[in-house]
Each structure stands twice: as C-alpha cells, then as structure tokens.
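In what follows, a single structure is set out as structure tokens and then discussed.
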C-alpha cells in the first residue's frame, strides 16, 4: 500500500481507500462523553433531604402506638381528644406565623390581602367545626362499618394502605409549593390511603369516643401535619438567623424520639425495629447512595435523541 | 467470490413498508444478480400472507407463523424458531444467514441457532439507541448477548457503528501489555443506497415562490416541535415561501393548530400520508427539503430529497452529517433560532440560483449505488466464509464473560439450545427431509414474464 493515503474522514458519501472495517485510532473516544452532567451527591445534604421521609415514618409509628393504646384501654380517648385539639391550635398559630413571615409582599396591596387572609381564617374555622361535628356523628357508623371483617384482614389491609401512603407521599423540597397550586394527585392518593387505613383500624375499637378520637388524630397527623411540615421545609428564616436545617433536624429528632418513647413500653422489639428503620432511612440510605455513585456510568454520544430548543 | 446461499432473517419485510424492509429487498435483489441464492425468512402477516411466496427477481420468502406483538416485531423467546430455522436452513442448503435490525427477535434467534447447523452469521444494525431508559438497557443487553458470537456486524453509518459497538460490547482484548480494549475487526460500515433513477429531478417552473418540502412521520423523534416553531417565523420573514408537509402522526394536531393560529392555511399545505411510490412526485414540487429529526442513523429521506435535486436543510444529529458533502446540505443545531438561520441561508442560496438540481442528482448518483453496496456486503460474506468458525467451548467461554448474571443466563440458553437441537435431530432426521433441488432460473423466468406481458398480464407479487 502506498504511504500517501489521504486522511480518513468520517463520511459515507465517498469511497475511501480503507477497508470497511477500518477504525482510526481514537475515533471512538472522540465522540463519546461519559457522565457529562454528573454532579456527585454529598452525604449531609442527602441526610437533610431524607428527613421528611423520617418524619413521615415517625408520624405513622406514633399513630400506630396511639391506636394500640386506645385498643387496650391504656389511653383515655378524652386525653387524646384534648391533646390533639391543643396541638391543632399550636399548629394553626405556627401556620399563621409562617404565613406572615413567608409572604414577601405583606405591605403591598395590604388591605386586599388582609381581607383575603381574614376570609381564609373564617373558612378554616367553618370547615374545622364541620369536620369535628361530622366525625362525631359518623363515629358510630365508622365503628361498625368493617366490624364484620376478621381482624387478620384488617391488619393486612391497613398495613397495605400505610405502605401505599408511604410510597406516594410528597417528600419533595426542590419543587416549591406555590400558593394556589393544586396538590399533586399522588399526595392526595397517599392522604386517602392513610385515612382509609385509620377508618378500617377504627372498627377494632370498643367505643364511639375512641373511634372519634382516633379518626380526629389521623386527620390531623395525615392531612394537616404534612401541610405544615412542607411549609416548614420550604421556609427560609433568613431574618431570624435560624437555618431551615436546624428546624428540620429538631422536628425529625422530636418525632422520632416520641415514636420510640410511645413504642418502648408496648414492646421493646418493636421499639428497636422502629429505631432501626428510622436510623437506616436517615443515615444508612444516604450513605448507600453516596457509595453507589462510583458505579455511575452514563454514556452519551451523537446517537442520543437531541432535545429541541424552542423559544 | 463463489456463489453461496444466503438467508436474510428479519421481522421487518414486505408487505410492510420502511427503511429496513426496502434495504433487505434491494440487497437481496442485487445479491441475486451477482449469482447468489437468497431467501428471506420473516413472520407471517395476518389474513393471508403465510407460507412461501416468491418476489420478483427470484427471491423466495418464508412467512413463518409467529404473531407480532408490537410494531411488527415478534416476542423474543429464544427457542421456538429453531425447528423452523433448522428445517429451512438444511432444506435450502444455506451457508450464511444475515439478520437485520436490533429489534427483530427472529434475527437474534437466527444468530443464536445457526452455529448448530454450521451456518455462518452476519448482522446488520439499522438504528441508534441510547443507554439511559429501561427499554434501551434491556434491548442492549439482549443485543450484547446475541452479538457475542456473531461472525460479522454491519452498521449503516460511522455514528451507528460507534453506537452498536458500545451497545453490543464488541470489544476484544489485545495481547500487548497492558491489555487494551480495541473494537473487534469484524464490525463494518456499509451505508444504505438509493435507486437514483427513481428520483429524477423534475422540471422547474419559472416562479419566484420557494417551496419547502417536509416528508416525515409526524412524531416527537422527528423534531416536529421545531417545525411547528420555525414555520410561522419563516412565513413571516419570507412572503414568497410556502410549505408542503407530507406524513401522518400524533404531532399532526399541533401542526394544524399552528396553521390555524397564524392563518397560514394557504401557505402550509398538509398532504397526509404519502406512499413511498409518490415520494418523488411530492419532492419535485419543491426546492428545499427540511429535516428536523432529533435522531437519525442514516437519513434515507434526506438522500432521496438530495437525489431529486432539492437543497437539504437538516439538524446535525446522528449519522446525518456523514451522508452528504457540503454544498448540498445546510446543518442546524436542534434549536429554533438556528433552524431559522439555516433555512434563511438555504432560501438565499436557492433564490440566487446557486443550486443546480441536475448537477446535484448526478453527484448523488455517484455516491450511493446498490450494486456497490452488494459488492461491499459480498466482501464481508467472503471474509466470514473464509474465517474459522468458533467451536462450542469458545462460544461458552465468550458468553460467560458477558457479565456476572447475564453470562450464566445466556450460557444456559446456549446449552439448552444445543440439547433442543439434538432432540430435533432425533425427532426429525435430516435423511427424511425434503431438500430443495430446483431453484429459480432467472433467464427462463424473464422469457416467461415477457411472454405473459405480451399477453397483457402483470405478475402478481411485484415490488418496485
């Protein structure tokens, strides 16, 4: 072969004096890009992102412990009703404070905004009274609703529903929930799963007051508390010099400890199980993710489907 | 080379229409002209396309009773094809099988089984795949398993080759120290070709209206979003431009909405689906061909348009930059502003009369030719036939190197396949088979056809 071969070109329209299986040195590497948009995760931010999940799990554990205590009559339903009423008011005040600090434009359109806030408050009051009364009148119905079903089925069903609730709940923090934006479907499904689960569990209780207390507690911990939690998560306390992370850490710690404290007298095995799950989700799972990143191998090249840029 | 018997295996074949289908048909026809014997094995088409049929230049087609599951492909199940394939390959005295398309499971199975009969294997990949989504990961694993023991792989563009090499893990370890991975020497690039006589440029009418032709399936992957975004801008900037859009698909609605919103009903003409036979008649009504694909391994539509004398504007994706020289094509990034810029450039080139369609046609004619493709493919066949066939132990050890989980799985499939084959040898002995002794005689067929044409009768299964 002559030494003066023309350089190989990456074209098909002309016959080149090379065999069809010729590949020049380095031709493959030139168009290949590995992990181009890769941004490695670090450990502590992941732990921070996992706290909503831990909080949610701890809430469910607390709920289960409360249910067991109501069932074996070691907790007076009236105590539960009054403590959940108390926590409702504390939560509502916290919500109002957050709303006050969060809105960046509370001096613009002042009067109009005040009017709307006032309207919202009246609506909240109205609907809370309505729910309170409706639950109270419905609790005999709820108690006997699934009474005929055997206990084994009830445990299995409620476990499935709680798992569904955990899987579908909205733990996101990257997508800020703007005011007026409708809730995502998955979080609505998740909430419904939790409420249904508590309704089927309520049929195992012995009196109407206990049923009412349990359902009221479930409404608070599975619909109202996640809303408050999300608001806390998105809150920036720049003016108060308190970081969101600290608030999240304190909340997570408080919920985890209270779930453990509630579970410990019932069964130490269960308490250890709770502790293990909470620690695994908060500390072990992020570590596994950080470790698994070294296996990431994303290959990109000219064959990828281009993303059209449209103004 | 010595004439050999070749079996093309693919899920995609006539009467379906498409790039792979016409490629197989044209390649087979040209190989028959070179004196080889070619048969095609594909799955049956509902209602009546079953059994054995003959296509015009003496191409025997076996339509096997498999049911397609999605977009014409059959379900990959590794074993059910073996009884049919064994009988056909032995009956027809096949030396080599040529499987097509990476989503055609019949082709994959053919490659898996053929070594049992001592038949050599070639695979042609026609498409590009990514590496990210679950479907790609699964099909790539399937492809890697199949291509582990194939004798040669043909890709249709250099970009396609890079893609196939990575997907099919077609690397070999070198002996030098430290060992490096190099691409196997049995991966070839042979482009598609077109029948340039069928894309003669039309005569230009003397008007100052410039028509931009788009012929494409109207789907996301064909970049119809870019067309929807740029067409109104082009119509606003150039009052003498009109669009001619052929094709059908889910994005048709967006195109209709855009046309209505900007009141362009008289300037954007939607033709609906265009049959392959009518493509030329649509192409010659315009002077610029616009392709906005987001991925393309070869871009046969671009080639047809260039051959019909149109100036081409295309997005710079996949194998498209390789197929035409500068001066016949303008490239744009897949970006609305850049597509607009490229189209404006093309309009100024065409309206200044700098693009000669007859000259473009003559140039494309010299680039791509089926006879040349058949010759290059023949070289690949020749290399394969001369090479040593891998024995079973080598196959097993190569398959085991596929991966910790995939390796044993594919090895089990390989071994079960061997046992199945032994069972078939006992159950349907070769001695009892009906061997094909007579084959099509082209000369005699030609004289018969002429005789029939004089009696004003058309042959039935004619494909152009």
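Backbone N, Cα and C define each Cβ position, glycine as well.
Looking up the ranges A:43-69, A:178-204 in TrEMBL, the one annotated as transmembrane segment turns out to be A:43-69. The transmembrane segment (A:81-101) and the transmembrane segment (A:249-266) are not in contact, since fewer than 3 Cβ pairs between them lie under 8 Å (pairs 6 or more apart in sequence). It is A:43-69 that, among the stretches A:43-69, A:209-228, A:272-292, forms the most Cβ pairs under 8 Å with the transmembrane segment (A:249-266). Within the chain, the transmembrane segment (A:43-69) has long-range Cβ neighbours (under 8 A, six or more residues past its boundaries) at 75, 80, 162, 165-166, 169, 171, 173, 194, 198, 201, 214, 217-218, 221-222, 225-226, 229-230, 233, 245, 248-249, 251-252, 255-256, 258-259, 262-263, 266, 274, 277-278, 281-283, 285-287, 289-290.
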